[in-house]
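Engineer: So that we are looking at the same thing, I have put the structure below in structure tokens.
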Amino acid sequence: MSASEGISLPGNEETTPPHEKHKQKAKKAKKKSRSAKESVPNAMDAKATASYFSLSIVGQIVSATFPLGPDKEFVFLRYEMVAGPDWQLSSGPQHGLTQLATNRRGHFNEPIVFNMPIEVTYKSTSPYGWPQILVTVFGRSGLGRETLLGYAHIHLPVFGSRRPADQTEQLQAPILMPKCPNMMADITSWLLRREPELKDPKVLLDNLKCKGLSMESYGSLQFQLSSVMRGARKLGYHWHS
């Protein structure tokens with residue numbers, strides 16, 4: 001029989017009681033859970049970093065004005081929100097149609113009031129392709145015949161939170177009417193009693209595409225728009241009014 005068999009040498013024996021071992025394991029498990037919880041907010045903070053900014057627009061298309069009066073008895077507008085590929089419409093309608101309006105009861109060059117509300121929100125990662133409002137102006141005669149009166153477009157404002165004293169300030173956009181390219185087209189337009197129309201009015205929003213168009217201005221549209229922007233500074237965009 002060797003001396004080591006059946007004999008517990010000093011230093012080889014375990015002095016920790018079983019209930020103390022259980023407490024130590026519980027403490028280690030708590031430390032691991034705490035470290036895991038502390039690492040989760042850091043990952044969430046990384047994901048919460050702003051990846052886009054938002055632009056909210058509230059306002060209205062107020063009225064249309066023609067210096068010598070409109071050619072038709074009634075006028076109505078059709079508008080469309082147009083933006084670049086980096087912009088996404090989060091809320092609000094992309095298209096809209098106003099009611100029929102007239103100024104025949106007043107002076108011929110008085111504003112034709114629409115007060116068409118506009119409320120949209122966009123989000124984007126880049127200011128390229130800043131949103132615009134493209135408006136097509138139509139006229140309707142007493143017999144129900146509709147003809148084109150022109151086009152208008154305007155960029156949504158970057159800054160629009162006005163002070164109370166400036167709330168009556170309005171933005172204006174000229175109403176543009178296409179001209180016939182030659183005499184034959186002019187005669188055809190006169191015989192058919194129809195003004196020339198653009199196949200795709202969005203070409204007016206691109207300076208390169210509308211360079212060769214012949215347009216004339218007749219009248220203007222009045223807008224009242226205010227804007228609220230969020231998250232632009234986090235992406236490094238600093239605009240100053």
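Using the three backbone atoms N, Cα and C, a Cβ is placed for every residue, glycine included.
Sharing the features that Swiss-Prot gives for it:
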type: REGION; residues: 1-42; note: region 'Disordered'
type: COMPBIAS; residues: 20-34; note: compositional bias 'Basic residues'
type: DOMAIN; residues: 53-197; note: domain 'C2 B9-type'
Engineer: Return the average pLDDT for the domain 'C2 B9-type' (53-197) as a whole number.
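Structural biologist: That stretch averages a pLDDT of 86.
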Engineer: For the domain 'C2 B9-type' (53-197), what are the DSSP-based totals of helix, strand and coil residues?
Structural biologist: 13 helix, 71 strand, 61 coil
